[in-house]
Amino acid sequence: MTLALATIRPGEPEIFAALQGEGASLGRPCVFVRLSRCNLSCHWCDTAYTWHFDGDNRPHKDGKTFSRLDNQVTMDEGEVAQMVLDLGGHLPVPRLVLTGGEPLLQAPALARLLAFLPGWQVEVETNGTAAPTPALDAMLHQFNVSPKLSHSGNPAELAIVPERMAAYAADKRAFFKFVVAKPADVGEVSTLAATYNIPPSRIFLMPEGRDPATLLSRMAWLSEICLAYGYALTDRLHIHLSGDTRGT
Ligand SMILES: Nc1nc2[nH]cc(C(=O)O)c2c(=O)[nH]1
Ligand code: SF4
Ligand SMILES: [Mg+2]
């Protein structure tokens, strides 16, 4: 009964306290648990150490792979829950973010983890291709769904799962957070919003970028697009505060 987690350093799970840096809860104090493994392979992924292990030939723009031994650690759910409580148990509204990788690949283990954390507000960062189990679904308060557009390099058949998109679009707990690198990417967002009936009020556009200068320059034109379409803009606060580093 274990969870496969990402690491901050070899052997040390990536469990940390930080302000939520993206999306509908931006700025809220949270505890983050980063899970290992993903079913997609975005070429600009900023957490390739969760999935791009040695021997994986899929392309990534950093051009490197990671040792699984150094970048993955397995832990019992109860042990993970204790670390979460130690980091965030003092918060008036204790809030947990499950991220990855793709955390929903480990949905049954996540349900066991959350059984140790009654009273926590829980949000999950997902690429929108996987479903929570019913047990997990009943314990989640917010979905931050980030479907991947064509510039991610994933084939659309893998990145967009129609029945999942429709289910999240119909679920008021779900916010959609589209990573955008160039203005033309927004055309795909509008098409997905129309196809699956996603209300603009639950859509965020987020600049792709791992440094403050890139984020700021892309937000300059993204802000205009958001005003025109009625979408919300989200920054990546943690990049400004800490840079592109693990455990922040
Ligand atoms: N502070 C902070 N906020 C985040 N929101 C989503 C994150 C993610 O990597 O999924 C993230 C992260 O890694 N750090
Ligand atoms: S879905 Fe997320 S974790 Fe998976 S490869 Fe893409 S950006 Fe990385
Ligand atoms: Mg991230």
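In case you wondered, yes, glycine gets a Cβ from its N, Cα and C as well.
Every protein chain shown contributes to the tally, and the Cβ of G21 (substrate binding site) ends up with 21 other Cβ atoms within 10 Å. G21 (substrate binding site) falls within neither a helix nor a strand when secondary structure is assigned with DSSP, and so counts as coil. If you look up TrEMBL, you'll see L19, Q20, G21, R34, T99 marked as substrate binding site.
Marked as domain 'Radical SAM core' by TrEMBL: 25-244.
Look at C45 ([4Fe-4S] cluster binding site): DSSP puts it in coil. As annotated by TrEMBL, [4Fe-4S] cluster binding site applies to C38, C42, C45.
Among the features that TrEMBL reports, S-adenosyl-L-methionine binding site is placed at W44, C45, D46, G101, S146, P147, K148. Cβ neighbour count for K148 (S-adenosyl-L-methionine binding site) (all protein chains, 10 Å cutoff from its Cβ): 22.
Under the heading Mg(2+) binding site, TrEMBL lists T47. Every protein chain shown contributes to the tally, and the Cβ of T47 (Mg(2+) binding site) ends up with 20 other Cβ atoms within 10 Å.
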Check your understanding: Which three-state DSSP class does G101 (S-adenosyl-L-methionine binding site) fall into?
Key -> coil
Check your understanding: Counting every protein chain present, what is the number of Cβ atoms, excluding its own, within 10 Å of the Cβ of R34 (substrate binding site)?
Key -> 24
Check your understanding: How many Å separate the Cα atoms of G21 (substrate binding site) and D46 (S-adenosyl-L-methionine binding site)?
Key -> 14
Review point. Can you tell which of the binding-site residues (L19, C38, C42, C45) has the fewest other C-beta atoms within 10 angstroms of its C-beta?
Key: L19
Revision key, fill the gap. Cβ atoms other than its own within 10 Å of the Cβ of G101 (S-adenosyl-L-methionine binding site), all chains, total 28
Exercise for review: Find the one among the binding-site residues L19, Q20, W44, G101 whose C-alpha lies closest to that of C38 ([4Fe-4S] cluster binding site).
Suggested key: G101
